Every structure is written in C-alpha cells, then in structure tokens.
C-alpha cells in the first residue's frame, strides 16, 4: 500500500502531469467557451424573426420570378432566343413556393443537449486519451531513462510488483481525472443547453445512453494509458511509445488504406484502427464496398459490412492485453542495466 | 567474524550474434566480513558494476552463489533489501524534484519513517539545499544525495559505487570520515572507487577484479606486502661507482636495474646487507631507501593496466588470473 501511495504522490508531483493537466483543462474550457458563445437560445422572438426573414425571402423570390417572366416575354417578342437563359416556357413552371424557404435556415445555432452531447463525449474522450497517452508513457519512460526505476528496484526488488503498482497508479489518476473532468464537462454542456440552447426531451434513457458512452470513453482512455505505459516500459523510454504511436498512425491510417486500395481488398478499412475507434463511440460503423456495384447497369445496393462496438472491444482489448503482458514479461526477464 | 556478503563462482555471460560471447563475470569470488570497510577495485569493464547489479537483483546471473547477511540472493532479496543501502554507478535523479521530495518518495516506498529524511540530509550536508530542485545541483551534491538515499534505510550493508565521484577535496575527506564513522557504528561498507589513495586510507580489506575474476583479495597491508618485491633505491657518493656497485650486487644475487643516478634493487629482504656489501668494497652509500608500494602501483601491476608509452590500452585489456602471460596482461572482451 505504501508503494501505491508513493507512486500516486510521485505521479501527482511530476511537472509533466501538472502541465498537461492544465493544458487539458484549458483546451476543454476553450471548447466550452466557444460553444457557449456560438449557441443561441431560440426564443419566440428569434423564431418570429426567422419566420419574417423567411417570408421576406419568399416574397423577394416571387417578385424576381415574375420580373423574369416579363423580361423573357419581352425578349421573345423581339425574336430573341430565350430558352437558354430563362428555360422553357420562360420558367413559368418554376414558381417559388413558401415551403422552399424554411424559417429554420434563418435560425442561429442552438446547442441541443439530447442530439449533440454524444459527439462531445467523443471529443472529451479524444482529448483525455491524448493526456492519458503522454502521462502513461512518460511516467514509466522517464523513470527508466532517468535511473529512477533502478533506484526503486534497489528498494523494492520485486519487479512485477513495482511495475504493476506504477500502472495501477497511472490508471487511478486517469480514472480520477476522467471522472472529475467528465462530470464538469457534462455540467458545462448541460448549462449551455439550459441557458444558451435546449435540453428538451432529455429523458432518463438519454442520460443512461450518455452514461454508457461515458463508460466507453473511460475504457478507451484507460486502454490508451495502459498501452502507452507498456510501450514505454518495453522500450525503457518515453520516446518508444511516441514512436510507436506515430508509426501505427502512419501505417494504419495511411499505409494500410493505400495498400488495400491498390490491392483491391474488400472493406480495406476493417484493418484500420480508426474504424474501430469510430465503432466504439458510434456503437457501430458501416463499411461500404462501392466496387461491388456496376452502376452503369442500373440501380445497385453496394455490399456493406458492419463493425460493432463489440468488435472494437475485442480488437482494443486483445491489443492492450498483448502489449501489457509483453511489458510485464520483459520486466521479469530483462536485466536492468 | 561473520560474512555479511559472500559471492562464490559468480558467472554472467553476454551473448551477441555479431560480437560473440563475453564473460562479464567468470567465476568471481568475494567475501566481506561484518563491520569492515571493504574496497572493491577493478579497471573499467572488469565486472565491478555487473557484480553489484547482480548482487542487488538487477541482473540475473548465469551461475554461482551469492548471499547477503547470511541469506541467499536473489531469492531472499525482498527480505534483505531493507537492510541494504546501495548506489550503483552515477545515480540519476528526477531533475524537477527537490532532494527532500526524492528522499521522501524513496522513504515512502520503503516504509522508512519520514523523520529519517532530515537525518540523512543533515548527515551528507544537504540540509540547507534540500528544497532546491536536483537539476540545480552540482555533480558532488548529486553524489551526496545518492549517498543520502543509500543511508536512508539505516542499512547493515552499505554498497557505494564511486561515492567520491565529483566531490571536492573537502567533500572527499568528509566522505572518508563518514565511511569510518559508519563502520565504527557497526555498518559494513563496500566501496567501489578508482581513487586508490582513498581506498588505501579508508578500507580494511580489498578485493580486486579483472576481466570478471578475482585477482587479489585480503587486508590492504597484506595485498601490499604480497606485491612489494622488496624494492630498494640506492644512491652512491660517487655516481661513477654505480657500474661497479651494480656488478657487485648482481654477483650477490640481487636483481639490479641501472638508472643514470641510482640503482633499483628488487628481492632485497634486509636493506642493511646491501650497505654492508658495498662498504666492504669501499663503495659508500649516500641513500638507501626501501621503495614502498602503494595500492595504485599494486593495482596497476596485478591488473596489468599500467600505461605503456606509445601504446593505447583498450578497455578490455587487463590481466586475467590463471592464464599464461598474466603479468603482461591478456586481451579479453568480446569473442574472448
């Protein structure tokens, strides 16, 4: 227990942890502030103004249409060719109608908590996952490269216990940061919805769905933190985790996409990690094989492949487990030099 | 006297597909008695740090036996670790933590009372700078912090690798006094250093390692005596008599080396016999001085690492006991 508490203290004392936490909070605050100012509550007066603008636009359009017909008829009387410019029958068949001028188009943006908060959970998860990656990697990477790990092993010559305790400390801090900032994030957007947008139709089911999305976000953040920690421990340097992240990003997001396209692989994106990240947050992600259709032969429904969040759980779970187990195995086997 | 540290036949081999096999430790033996200050010497790359790392569980040995405080390690390391304080090679600390933070975190990890942090800071002279970041420390101050971290547990066995590295002359003397005080209080100290004058002053016994094997061990005086060779320097009243004196002593069975203004004799048990022998032939001695060996010269001799003019000795070129040409040194290293 003393080692666990010590590692929590060590992580909390680290300058990188504090700086990154401040940057994370500033980044999230920036997003909240931007949406606070960009969202406008749709009061009856605002809706009436939008309706008035819509009506005015409709009237202008009708006048313009009528003027166009008069001009066309005059041109036709002068024996000019009019079809190219005004259309057949001088465009009489294209009379504007009121339903073409939806008042919604004139409304300012209003944040809808029910419809949009799910996206913001994903945004929050992305930002905190980046924080998790840096904190997880540098906590153990810097310990290895600075000699701190060796010092600690001289005090606690139980390698797996030491590494496991450090990982537990990282995951604890990440859980704490995610829960606290997640609660503040939810509160902030609820307040935006209440005072600058709408919180209509937010039922218990919506909250339940948001809660489950939040848990998925927490799972992804912890997985990212654990993978970064394990990679840095395997390479005994923070740069190892950063290098692998860049490498996987380039290979997975660019290399595999290009290679599968050239090779004509069906549903090539199923080999790309971001597909599973999208499925994880959206519950499912549809891949479409447009090459399965020959549209010149008429209507065709392309073949589809559905990637579910359960598939994502399997991919991310196995990937995380493999890297973490490898880190512990190497910790047990390799000399500390 | 009981042994606090025992190493028998310790072996560690590094294998590389490109560079072959290298025996970092090749059946190394070492024994340290309780309450001693024990010097652990060896040229660069001889296996000192590998030995200490292996002993402390950082490296897995390929063979041999090790025991600390009577308990077999590495199996019993978790049990005895609380009684062993160690610094291995140049210790590095987190640059943005203060000395107090660094020690406080170590104390927390090792269940050491927090009050001990202030005690060791006082002991190593860092009390007034304890709250400054380590990155502002000089090498000597970092070294003091390292020693403080090793002392934090109030250990029975203290292992220090180059503790005087970076210390100023005053710091070296303080460190020497500290080592002696700790030993007098019952702590056993194993000291690895290249400052051989210090080792000679501080240590009760020494172990010298070369190419992974022990090449000398025992009380400092005993090791020095074993390698003194009865050297004597002789000067005569008249320098032109040196040739005659050399011939005379040579006929008497003394090994003589001629120098422009003096003779160096080896294998002389009683210097007085030299004086008498020369005086009988009316060759009068103006100086007759036994040449005292120091640990440095003994070290250079038995590890065969003395510099040779015009040659550039490589790191792994040192003596390996039990091999032909021991005195002249052999070449070890990768592929050996």
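Cβ from N, Cα, C; glycine included.
For the transmembrane segment (A:19-37), the residues of the chain that approach it from at least six positions outside its boundaries are 111, 120, 123-124, 127-128, 131, 134-135, 177, 181, 185, 188-189, 192, 196, judged by C-beta separation under 8 angstroms. Per TrEMBL, transmembrane segment is recorded for A:19-37 (among others).
Among the features that TrEMBL reports, transmembrane segment is placed at A:117-142 (among others).
Tertiary proximity for the transmembrane segment (A:163-192) is limited to same-chain residues at least six positions away from its ends with a CB under 8 Å from its CB atoms, namely 3-4, 7-8, 10-12, 17, 21, 24-25, 28, 32, 35-36, 39, 111, 113, 117, 120, 124, 128, 131-132, 135-136, 139-140, 143, 199, 210, 214, 217-218, 221-222, 225-226, 229-230, 233, 324, 327-328, 331. The transmembrane segment annotation in TrEMBL covers A:163-192 (among others).
Taking Cβ pairs closer than 8 Å, the transmembrane segment (A:212-232) reaches residues 118, 121-122, 124-125, 128-129, 132-141, 144, 166-167, 170-171, 174-175, 178-179, 182, 186, 238, 240-241, 244-245, 277, 280-281, 309, 313, 316-317, 319-320, 323-324, 326-327 in its own chain, all 6 or more past its ends. For A:212-232 (among others), the entry in TrEMBL reads transmembrane segment.
The annotation transmembrane segment is assigned in TrEMBL to A:239-265 (among others).
What TrEMBL records for A:313-331 (among others) is transmembrane segment.
Within the chain, the transmembrane segment (A:117-142) has long-range Cβ neighbours (under 8 A, six or more residues past its boundaries) at 11, 14, 16-17, 20-21, 24, 27-28, 31, 148-149, 163, 166-167, 169-170, 173-174, 177-178, 181-182, 185-186, 189, 193, 209-210, 213-214, 216-217, 220-222, 224-229, 231-233, 235-242, 245, 281.
Listed as Cβ neighbours of the transmembrane segment (A:239-265) (distance under 8 Å, sequence separation of 6 or more from its ends, same chain) are residues 133, 136-137, 141, 227-229, 231-232, 271-274, 291.
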